[in-house]
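Copied from TrEMBL, the annotated features are:
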- D165: active site, proton acceptor (ACT_SITE)
- H18, H41, S101, E119, D144, G145, D165: S-adenosyl-L-methionine binding site (BINDING)
- Y3: site 'Interaction with substrate rRNA' (SITE)
Amino acid sequence: MNYRHVFHAGNFADVHKHIVLLALLERLKRKPKPLFYLDTHAGRGWYDLLSHDALRGNEWQDGVGRALRITRASPDLRRYLDAVSSPEEISAITTQRYPGSPVLAARDLRPGDRIVLVEKQIAEAQALEQATRGRRGVSVVCGDGYAALKTYLPPRENRGLVLIDPPYESENEFTQVEKALLLGLSRWPNGMFALWYPIKLGRETQRLHLSLQNSGLRKLLLVELSVRPADSPLGLNGSGLIIANPPWQFDEEIAPALREAHAALTDDGAGGVNVQWLVPE
């Protein structure tokens, strides 16, 4: 596998994914009981947006670069903006470093919570170890993220979140993520899962949606943000998340933050926000 997220770090898809991720974690933290967080494809943790690799595409400038110009934001969007410009560690604003999902989760969760971050590439896993060093309750595992679903589920905490966010390099990745979600829910039926997918071709996402609708699963919420029409030839047109067992009223609560983000991420209003039940309860 040759994928390195640094080429895309901080792009509009990261903005979308991380707004939703932090919102889900905030809902889980409303109860004092410890929770479990598993990231199956974690990456390296921090991304230097001024590195040669990041500057090749400059995708972050149309992502977090635009988002950080927002001055008025609803609570879920404000939480994200504060997280990517936090004075707690060297911030994205001052050094142009962007925190990936594992860093955001590790900083956000509580000392009693347990975090397992899985990354297959050795160099990326080593960087992730450095990025999360000193964080209590955090384990970095160099291995197969899909296999981790068998290893770590169900968790002893019996509450928490699993993020499934592969690079989609292989042709059968859409099939793999569907199988992963089915496996995860078979092992932990009441667990919360967030499955990320790219929106490049409308038929790919429609096939995934239809297959999950026919899978027998319940309580699947669709949360998408697009900056171009679904079949635009320009490449990544949108970012999608399927959330299994979402928090109560999450569909209504997350939509305002995503609409505000979408307005900042596009000049012409292309694309849009789509929050709806793929499969109701």
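One-based numbering along the chain as shown.
Glycine is treated like the rest: Cβ placed from N, Cα and C.
Those TrEMBL annotations? Automatic predictions, nothing curated.
This view paints the features noted in TrEMBL onto the structure.
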{"residue": "H18", "record": "S-adenosyl-L-methionine binding site", "Cβ contacts under 8 Å, 6 or more apart": "Y80, A83, V84, S101, L104"}
{"residue": "H41", "record": "S-adenosyl-L-methionine binding site", "Cβ contacts under 8 Å, 6 or more apart": "V118, E119, K120, G145, I164, D165, P166, P167"}
{"residue": "D144", "record": "S-adenosyl-L-methionine binding site", "Cβ contacts under 8 Å, 6 or more apart": "V118, K120"}
Most Cβ neighbours inside 10 Å, all chains, among the recorded positions E119, D165: E119
Number of other Cβ atoms within 10 Å of the Cβ of S101 (S-adenosyl-L-methionine binding site) across all protein chains: 24
Measure the Cβ-based neighbour count of G145 (S-adenosyl-L-methionine binding site), defined as the other Cβ atoms within 10 Å of its Cβ. 21
At its widest, how many Å does the recorded S-adenosyl-L-methionine site span between Cα atoms of H18, H41, S101, E119, D144, G145, D165? 22
